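Got a structure for you, written out below as structure tokens; questions coming shortly.
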Amino acid sequence: MSQPLPDSIPPDLFAARADAIAAAARELALAGWTPATSSNFSMRVDSEHAAITISGRDKGKLTRDDIMLVDMQGRAVGTDARPSAETALHTQVYRRWPEAQAVLHTHSRTQSVASRLFAKHGVVRVEGWELQKAITGHTTHEGVLEIPVFPNTQHMPELVAHVDAWLDSGNPLSAYLIDGHGIYTWGRDMAEARRHLEALEFLLACELDLRRLKA
Ligand SMILES: [Zn+2]
């Protein structure tokens with residue numbers, strides 16, 4: 001690694017996280033979910049630090065050198081590189097869920113269209129789909145999976161406050177959409193975060209298809 005890491009972080013650990021983030025980003029880019037350098041990805045490194053994508057890089061060509069270290073307030077550690085503009089949303093997840101190890105944020109067409117369509121309701125209510133069981137904590141298709149849709153803003157503290165307000169009113173949360181923007185989800189490891197993201201993409205596409213067919 002070119003950047004000096006704090007002594008408490010083994011270089012191999014950071015490199016492993018950076019490689020895992022870069023590999024996930026390349027695969028999600030291939031799926032077409034990260035158009036025009038959008039999207040950002042992170043993994044927890046320890047209780048005080050996360051590895052996250054550097055702002056503005058092509059996610060289809062990401063390598064470990066495109067990943068940097070931030071503290072849990074979203075400040076760069078040991079580098080002049082600029083973290084994603086949305087770093088505060090990643091570190092919020094790590095602060096609120098000590099077990100969270102990976103956060104994925106993508107801008108697929110399905111996610112973007114669904115966010116616009118459901119913004120007026122403030123939430124997408126998904127029920128009756130077998131694939132809801134891919135979301136940790138959901139054990140049956142008979143349950144309801146609620147994915148809130150928060151208004152988009154370039155002012156991250158506002159978005160952080162929306163997420164906090166949702167959680168502080170006792171609502172479960174495994175993912176959220178931002179209107180006209182994309183989705184955030186996370187997991188206890190990269191595999192769980194990927195499973196959540198793929199399931200959510202599928203469920204949102206199904207909900208959109210149903211509305212198209214009724215039209
Ligand atoms: Zn974004």
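Cβ coordinates are placed from backbone N, Cα and C, and glycine is handled just like the others.
Here the structure is a predicted model, which means the values were calculated and not measured.
The Zn(2+) binding site annotation in TrEMBL covers H105, H107. Taken from TrEMBL, the feature domain 'Class II aldolase/adducin N-terminal' applies to 19-208.
Thinking about packing and proximity, how do these listed features fit into the structure?
Take the CB of H105 (Zn(2+) binding site) and look out to 10 A: across all protein chains shown you find 27 other CB atoms.
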Please report the number of other Cβ atoms within 10 Å of the Cβ of H107 (Zn(2+) binding site).
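Result for H107 (Zn(2+) binding site): 21 neighbouring Cβ atoms inside 10 Å.
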Give the mean pLDDT for the domain 'Class II aldolase/adducin N-terminal' (19-208) on the 0 to 100 scale.
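Here the mean pLDDT over the domain 'Class II aldolase/adducin N-terminal' (19-208) amounts to 95.
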